[in-house]
Amino acid sequence: GNFGSKFITFLLVPFYAHYLSAEQFGISDTMLTTITNLIAPVVFLSIYDAVLRFGLDSSYDKEKVISNSIFIGIFGFCIALVFLPILMLTSFKIYIHYFYILLALAFFQNLFGQYARSKGKVQLFSLNGILLSIFIAMFSYIFIVQLRKGLDGFFLAQIIAYSLSDIILFFGSDACHDISPKFVTKQDIRILLIYSIPLVPNSIMWWLMTVSSRYLVLYLSGAYWTGLFVVASKFPSLLSTVNQVFIQAWQISAVEEERSTTAVDYYTTVFKSLASMLFISSSLLTMLIKPLFSILFSSDYFTAWYLVPLLTLGTIFSAFSDYFATNYIVSKKTEGILRTSMYGGLVNFLLNIVLITFLGLVGAA
C-alpha cells in the first residue's frame with residue numbers, strides 16, 4: 001500500500017514540475033511538509049503516535065484511547081485558531097485558509113490511520129494510502145491542467161483528496177462507532193500526553209533536520225534553487241518510503257516481541273536485513289540517477305541530479321535512527337527520543353547555516 005501510494009506520488013513530481021514553476025513547486029511542497037512535520041505535531045501534541053502505542057496495548061481500552069485523543073486534537077486546533085489574526089498580518093495570509101484546512105485534515109488522516117493500524121486493519125491502512133494518492137493525482141489533473149488553477153489548484157486537489165481519504169478511514173476503522181464523549185477523562189488524557197508530549201520536540205528537531213534546509217536555501221539562495229532542492233529530494237524519498245514501510249511494521253512487531261526470550265537476536269537480525277536493503281537500494285539509485293533526471297525532467301531541473309547521492313546517504317542514517325528509536329517507543333520512554341533528536345537537530349541547523357552559505361545546495365544536502 002505504501003509503495004503503491006508513494007510510486008503514484010513520485011510520478012506526480014514531473015507533472016508538477018511541468019505545470020508549476022520552480023517557485024510554485026517549492027512553495028507548495030515546503031508548505032505541505034511544514035504542516036506534516038512541524039505544525040501538526042506541535043498543535044496536536046503528536047497524540048496520534050500515542051493512539052498506535054496504547055491501541056496495541058491490550059491493557060488499554062481502544063475506545064478510550066481514540067476518544068481522548070480526538071478531544072486533545074480538537075482542543076489543540078482551537079488553540080491554533082487563536083493565532084489566525086496574527087497570521088493574517090503577514091504575507092502568508094493568501095494561503096492561510098488552505099493552511100488551516102490542510103492542518104485539520106492531516107490530523108484526522110494520522111489519527112484514524114494509526115487507529116486502524118492499532119486494530120490490525122493494515123489492509124485498510126494500505127489501501128487508503130493508494131486511494132489518497134489516486135485522489136490527489138486525479139484532482140490535480142482537474143484543477144491544474146483542466147481548470148488552470150495553478151498553485152490554488154494544487155491546494156484544492158490536496159484538500160478534496162484528504163477529505164475523501166479521512167472519511168474512508170473514519171468509517172473503515174470503526175472510529176465512527178468507538179468515539180464517545182463518555183470515554184473522555186482527565187486521567188486518560190494525562191496518560192496519553194505523558195507519552196506523546198516528549199515526541200513534539202522530537203518532531204521539531206526532525207523538521208530542523210529536513211525541511212529547515214529548504215527554508216534556509218529559500219532565504220539564502222532564492223525560490224528557484226529551493227525548487228531544484230525539492231526535486232532532488234524526491235528521489236531519496238523513495239528510499240525513505242522503503243524505510244517507512246518497514247518501520248510501520250517494525251513498530252508493531254517490536255511491541256509484540258518485547259517480552260520474548262529471543263528478542264535480542266530478533267532485533268539484530270532485523271537490523272542487518274534493513275541495513276543491507278538500504279545500502280543496496282541507495283547504490284542502485286546512485287547508478288541510475290543521472291539518466292533518470294534526463295528522462296523525467298526538463299533541462300531546468302537537470303543540474304540538481306548531483307545532490308541525490310548525498311541526500312540518499314543522509315536518508316540511510318535517518319532510517320537507522322528510526323530503527324533505534326523504536327526501542328524508546330516499545331518501553332514508552334519517549335524522553336530518550338527527545339534528548340537524542342534535540343542534539344541532532346541543533347547540530348544540523350547550525351551546519352546548515354554555515355554550509356549553505358559557503359557551498360549552496362551541496363551544503364544543504
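Every residue, even glycine, has its Cβ placed from backbone N, Cα and C.
Annotated features in TrEMBL:
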type	residues	note
TRANSMEM	68-88	transmembrane segment
TRANSMEM	94-112	transmembrane segment
TRANSMEM	124-147	transmembrane segment
TRANSMEM	192-209	transmembrane segment
TRANSMEM	215-232	transmembrane segment
TRANSMEM	277-297	transmembrane segment
TRANSMEM	303-325	transmembrane segment
TRANSMEM	346-364	transmembrane segment
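Between the transmembrane segment (215-232) and the stretches 68-88, 124-147, 277-297, 303-325, 346-364, the greatest number of Cβ pairs separated by less than 8 Å involves 346-364. The largest share of C-beta pairs under 8 angstroms with the transmembrane segment (303-325) comes from 346-364, of the ranges 94-112, 124-147, 346-364. Distant neighbours of the transmembrane segment (94-112): 31-32, 35-36, 39-40, 43-44, 47-48, 51, 66, 69-70, 73, 77, 80-81, 84, 87-88, 132, 155, 158-159, 162-163, 165-166, 169-170, 173, 175; these residues of the same chain sit at least 6 beyond its ends, with a Cβ under 8 Å from one of its Cβ atoms.
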